[in-house]
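S.K.: Relevant sequence annotations retrieved from TrEMBL are reproduced here:
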type: TRANSMEM; residues: 45-62; note: transmembrane segment
type: TRANSMEM; residues: 68-97; note: transmembrane segment
type: TRANSMEM; residues: 109-130; note: transmembrane segment
type: TRANSMEM; residues: 150-169; note: transmembrane segment
type: TRANSMEM; residues: 246-270; note: transmembrane segment
type: TRANSMEM; residues: 290-314; note: transmembrane segment
type: TRANSMEM; residues: 350-368; note: transmembrane segment
type: TRANSMEM; residues: 384-402; note: transmembrane segment
type: TRANSMEM; residues: 472-505; note: transmembrane segment
type: TRANSMEM; residues: 517-537; note: transmembrane segment
type: TRANSMEM; residues: 557-579; note: transmembrane segment
Amino acid sequence: MKPQPGWPSSSCPSPSFSPHRVDVCVVEMRLSVAARKLWCIRKQLIVLLVPLLFLPLLFTLPEKEGKCLYVVLLMAIFWCTEALPLAVTAMLPVCLFPTLGILPSKKVCIQYFLETNFLFLSGLLMASSIEEWGLHRRIALKVLSIVGLQPAKLILGMMMTSSFLSMWLSNTATTAMMLPIANAILESLFGDLETLKEKCKSPRQSSVKLHSLPSVATEKQTLSGERTPEEIQSEAQYQMKVWKGFLICIPYAASIGGTATLTGTAPNLILIGQLKTYFPNCELINFGSWFAFAFPLMLIFLLVGWLWIAFLYGGLSPRLCFRKNERAEAEAKAKAVIVEEYRKLGRINFAEGAISFFFILFAILLFTRDPKFFTGWSVLFKKGYVSDAVTGVIISSILFFFPSQKPSLSWWFDSRASNAPYVPLLSWKKAQESVPWNIILLLGGGFAMAKACEESGLAAWIGGHLQPLAEVPPAAAVMLITGFVACFTEFASNTATIIIFLPVIAELAIRVSVNPLYFMIPATIGCSYAFMLPVSTPPNSIAFASGHLMVKDMVKTGAVMNVLGILCVSLAINTWGVAMFNLTDNPDWAQTNKTTQPPSGRTSIFPLCFKMSL
């Protein structure tokens, strides 16, 4: 009997042999085809079905709270699954909040360009000009030429450079720029990657003919210094581990570095925006005070993370990956690569010098506007009128007309000189291409969601159902919150994560009579600690796409990195964070925003539990 159409020719037996088995194979194949079809249209199904699944919320909960929760859950699902582009989901409040009667459009639309968005935009423009003239590459190569070429030192140099650049550039751009530099150095140290992989195979698996080489070192090999295939394989495997350590440290350091400045990553700015929404009288967090808190935390976590990565991938191993003469030769080659790349950049030109000046001026003005621990320059202006956004826009606006070539008086009198228009440090065309405008919309969508949660009473309603957490000591609650957010952000973008959870965390702090900053700051930093999966952050994806890392490498390394990050954040918030932001008190700016008071006779549990935790 001939096989019927649709029957597998090899995996299923002949129908004359087992008709029942053939039927099962046909059904399985059709189910497999249907599953693949459903997977192809999964995003469209999510967009159509999720709104229908959540419809009962509109009828089972209080009217305004139910409607707001309906929109929040829709946006959360769409953000986590990316059923719609992130920026499109961020614009849903403009159409859903007014039509459902949650918030008028004039209150929704204004959230999309608060002063926080302008601060973020100015940071992005500064980063664009730095990338345009290659200043970031010069900084990276200079640092690597200083730290030395031993594996542990090079890993530390990579992490220091990546974290510093990520404080000002996006962590994605930093990773994309640093990985090619790392690969060039590694190739000069260890040779071609494919050859190294071939050496990592056992002598029996290797495609190189090694049958003439004995498996036990002979006297001649011992005297001449030749190595057996087993020694070559062992050394290559060690070098491969070091190579993975180089690649994995760069995205991790970029994610850590972005937490040190307000403009380094979007969640930091979302914290500022939501603080202005929930606690308009809170003026403790600005660029200077955030840097004073987060920069030491970044240094500690960077050092601890370096020790873990260097230990795990052989950078701190006393074993040498080369014999002495070979190591010296390889290090000389690697140093030559760095020197040659730096030489190609030439001398610092006028544009790089100008960008360096405005970059330093940008940082100094933001740090000293109102640092809280000394009087800043903002006192020269009317109180409350000058913010970090004003400073950022002033400096970034200068970039659009400041010349990139050194002005010369002789040009006016030289008839043969070129009369072409001068090129500014930053053009609007470059800004349009390099600024991620979708992130600005994402920030606006987050602020609109926070405003709706506050005015609809949803945040207070959720906070009422979190009352049992009041019995948890605040020091332990910080670790739980940070750990939960860090785990959630492994599967969703850090921006979407903090937008979803920050209003709930703020309301929880109010309910348990704790300074809201004590919970909100660790949650904000923790949502940038996504180290375990390639899909967690774009930097992880870029490193994984190189093809040299496996998922198990990232999970094994990232799980410990997450734990170390949670411990470092808890240390920071319970030591210098308490002193900087006066976290032992429940401040007046939080009391005035309470929608409901704690049960009568109940006092703040924070001071007692805080002392116990120390």
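Including glycine, each Cβ sits where the backbone N, Cα and C put it.
Note: TrEMBL annotation is automatic and uncurated.
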S.K.: Excluding the flanking five residues on each side, which residues at least 6 beyond the ends of the transmembrane segment (517-537) place their CB within less than 8 Å of a CB in that stretch?
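M.R.: Contacts of the transmembrane segment (517-537) (Cβ under 8 Å, skipping residues fewer than 6 from its ends): 171, 251-252, 255-256, 258-259, 265, 267-268, 270-271, 274-275, 282, 284-285, 293-294, 297, 474, 477-478, 481-483, 485-486, 488-491, 493-494, 497-498, 501-502, 505-506, 508-509, 543-545, 549, 551, 554-555, 557-559, 561-562, 565-566, 569-570, 573, 577, 581, 583, 606.
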S.K.: Within this structure, do the transmembrane segment (290-314) and the transmembrane segment (68-97) have 3 or more Cβ pairs under 8 angstroms, counting pairs 6 or more apart in sequence?
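M.R.: They are not in contact.
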S.K.: Which sequence positions outside the transmembrane segment (350-368), separated from its termini by at least 6 residues, show Cβ-Cβ distances below 8 Å to it?
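M.R.: For the transmembrane segment (350-368), the list is 126, 129-130, 133-135, 138, 168, 287-288, 291, 376-377, 388, 391-392, 395, 398-399, 402, 404-406, 425.
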S.K.: Take the transmembrane segment (472-505) and find every residue of the same chain, 6 or more past its ends, with a Cβ under 8 Å from one of its Cβ atoms.
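M.R.: Answer is 72, 75-76, 79-80, 86, 265-267, 270-271, 274, 278, 439, 442-443, 445-446, 449-450, 453-454, 458-459, 462-463, 466, 512, 514, 516, 518-520, 522-530, 532-533, 535-537, 562, 565-566, 569-570, 573-574, 605-606, 609-610, 612-613.
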